[in-house]
Amino acid sequence: MTLSGKRISKGIGIGEVLCIRKNFDKIISREKIDFSQVDSEISKFNKAKSKAIEALRDLERKAMLQFGDDKKGIFEGQVLIVEDDELDELVIELIVKENYSAAYSIYLAFENLVKSVEDYKDPYLKERASDYKDIRNRLISIILGQVSDFSEINKDIILVTEELTPSDTMQFDLNYVKGFLTAVGGETSHAAILARTMGLPALVMTLSDIDALKDGDKIVIDAMSSIVIKNPSSDEINLYEGKILRQVELEKELFSLKDKDAETKDGTKVFLKANIGTPVDITYVNKYGVEGIGLFRTEFLYMRSLQPPTEDEQFETYKRVIETMEKKGVVTIRTLDVGGDKEIPYLNFKKEENPFLGFRALRMYKEYEELIQAQFNAIFRASHYGKIRVMVPMLTIYEEIETIEYFVNNAKINLKSRGLPFDENLEVGCMIEVPSAALISSKLANKLKFFSIGTNDLTQYVLAVDRGNQKISNLYDKYNPAVLKLIKKVLDDGVSSGIDVSVCGELGGDDAGALLLVGLGFRSLSMIPSATLRIKYLLKKYTIMELEELANKVLNSDSKQETLSYFDKFIGD
C-alpha cells in the first residue's frame, strides 16, 4: 500500500509506526462543576502548573545535552508562558465564573490564543501555535493522569502524529527515530526544522492517511518522492536500504563543505546567510556554518507571553544572539512584522477584509509608538555588543522613510540621555516586498543602507495571487519573469547606489532559485540554515557564465513549464 504526502524534509527512513494521539478535545468533560468543587479545581490547576514547570526544566536540561545550549530556549519560553499571571487569571476566571473544570478551562484559555496564531498567513508565525498546544496538552494530560513515557523505546520508529510538538521529540532517544509523519505543519514547523536538523525524512499527510497507520506497522518514508510504503516487501526494503547508504555518503560530502566558502566553479564568492525565528535557531546556524544572519524575525518575542516584551527583555535576547554569532557575520534584525493576518491578542487589531493590503508592519508603527520605540531602543542598545543591522518590513511609499527616521532618531536621543552606549553608525535598511517599493528602489537607496528582498510576498503582490488559495495556486510562480525582472531592477538600483542587496525569501534557499539569483547578479542570499550546504554543493558545479545563461533563459521564458524544463536539464537530480 502506497500513500502520498507533502515533503517538508528530504530523506529516506525505514521503521515501525509509533502513533502519538492527542484528542483531548474529545475526552474533556464540558459539564459544569458544582460550586463546592471550585477550590479543588483551582488546586488541580496550580499543581499541574508546578508539575509542568518541573517537567519543562527537565526538558531544558535534556535539550541542552542533546542539541546544545540554544535548543533549551524552546522550553525556557514555554516556562514563561506557564508562569504568566494573565494565564492564571484566564483559567481561574473560567473555573470561578463559568464553573468549568480545570482541564476544560485550560483548553478554553489556550483555544483563542492558538486560533489567533493559526490564522496568520505567515507560515513561520502560524506554526508557532504548536508551542501553545504543547503547553496546553501538557497541563491537561497532567490533570487527567495521561502522561506518556516513551523513554524506553529501543527500536527504529517512525513518529506519526497529527502535529509534532517540541515536547514529543524530547521523549525519545532520537537515535531510534527514523522519520516523521504529521497531518499539520509546513517547512517552518517544529517537525520540519527538527527533521532537517537531524537529516531525517518528514511528510505532511491527510488526517485520513495518518489514521490508516497503526502502531507496529512497518513502513518506508521516501521523502524524495513524497510517498510512504506500508508493509514493504523484502525487495523494497533492500532497495531503500541501498538508497539510505548512498544518502549517507552524500551527507558526508555536503558537511565537508561546512567551513568552506560558497563559490562558483570559477571562484565567484557568494555569501550564504541564515533566516532565523528564535535564538534557538542559532543551533542550526552553527551546525551548517553560515556567514551571518540575513533575517532575524522578532515576532516570537511578542507571542511567547500574554503581554508585550519589555525593552530590557528584548535587549537581552538580541545581545545573546549577537554574542553567539561573534565573528560569524552580521546579524540583521527585522523589526516587528504583525497586523492584519498576524494578530497578537493584546494589540487588539480589528479584523480586516483584506489583511494583506491592510494595517500591518510599518503601517501600524505610529499607532503603537511606545511598543515600537521600545524595540528600536533595544536594538540600538544591542548594537554596542556586535555587528548588527536593523531592517524595517513592508515599506510601501517614500514618505514612510520619515517614520523610520523618527524611531531611529528617538532611539539615539533616548539612549544618549540615559548614558547607554550604542553604534552611531548602525545601518538601517528595509524589506523590499511591495511592488511600489521595488519601483522606487533607486530613490530609496539614497536614504537606506541596504535592501533585503522578500520574494514570498513580492511574488503574490506582483501576480495578485493569494498563495494560500488552492483554486489559483497554479498562478503563484516564484520564477515568473515579471517577478524576476522586478527583483533584478532592485539589485541594479542598489548596486548603482553602492548599497548591499540580498534576498531573504524562500527563493534563495531553493536549489534552482539560488542558482538563478546568482545568475541574475546576487552575491548574498539568506535561507533556512540547512539549505546552505546543498547550495554550496550546487554552486561549485557551475561557472558564473553558465548561471547567467540560465537566468537569461528564465527571464525570457513563456511558461512555468518551460522554466521548470530549463531547471531539470540544468540541475538534473
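Just so you know, glycine gets a Cβ as well, placed from its N, Cα and C.
Per Swiss-Prot, active site, tele-phosphohistidine intermediate is recorded for H190, and the stated evidence type is similarity to another entry. What Swiss-Prot records for C504 is active site, proton donor, and it gives similarity to another entry as the kind of evidence. Per Swiss-Prot, the feature phosphoenolpyruvate binding site maps to R297, R334, N456, D457, R467. Taken from Swiss-Prot, the feature Mg(2+) binding site applies to E433, D457.
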Integer Å distance between the CA atoms belonging to E433 (Mg(2+) binding site) and N456 (phosphoenolpyruvate binding site): 8
Cβ neighbour count within 10 Å of C504 (active site, proton donor): 29
Between E433 (Mg(2+) binding site) and R467 (phosphoenolpyruvate binding site), the C-alpha gap once rounded to whole angstrom: 15
For the binding-site residues E433, D457, the one whose C-beta sees the most other C-beta atoms within 10 angstroms: E433
Integer Cα-Cα distance in angstrom, R297 (phosphoenolpyruvate binding site) to C504 (active site, proton donor): 11
Residue pair R334 (phosphoenolpyruvate binding site), C504 (active site, proton donor) - Cα distance, angstrom, rounded: 11
Spatial separation of C504 (active site, proton donor) from R467 (phosphoenolpyruvate binding site) - C-alpha basis, Å: 18
Farthest-apart CA atoms of R297, R334, N456, D457, R467, residues recorded for phosphoenolpyruvate, distance in Å: 23
Secondary-structure category, per DSSP, in which R297 (phosphoenolpyruvate binding site) falls: coil
For R334 (phosphoenolpyruvate binding site): DSSP state (helix, strand, coil): strand
Fewest other Cβ within 10 angstroms of its own Cβ, chosen from the binding-site residues R297, R467: R467
Length of the line joining the Cα atoms of C504 (active site, proton donor) and D457 (phosphoenolpyruvate binding site), in Å: 11
Those binding-site residues listed as R334, N456, and which of them has the most Cβ atoms within 10 Å of its own Cβ: R334
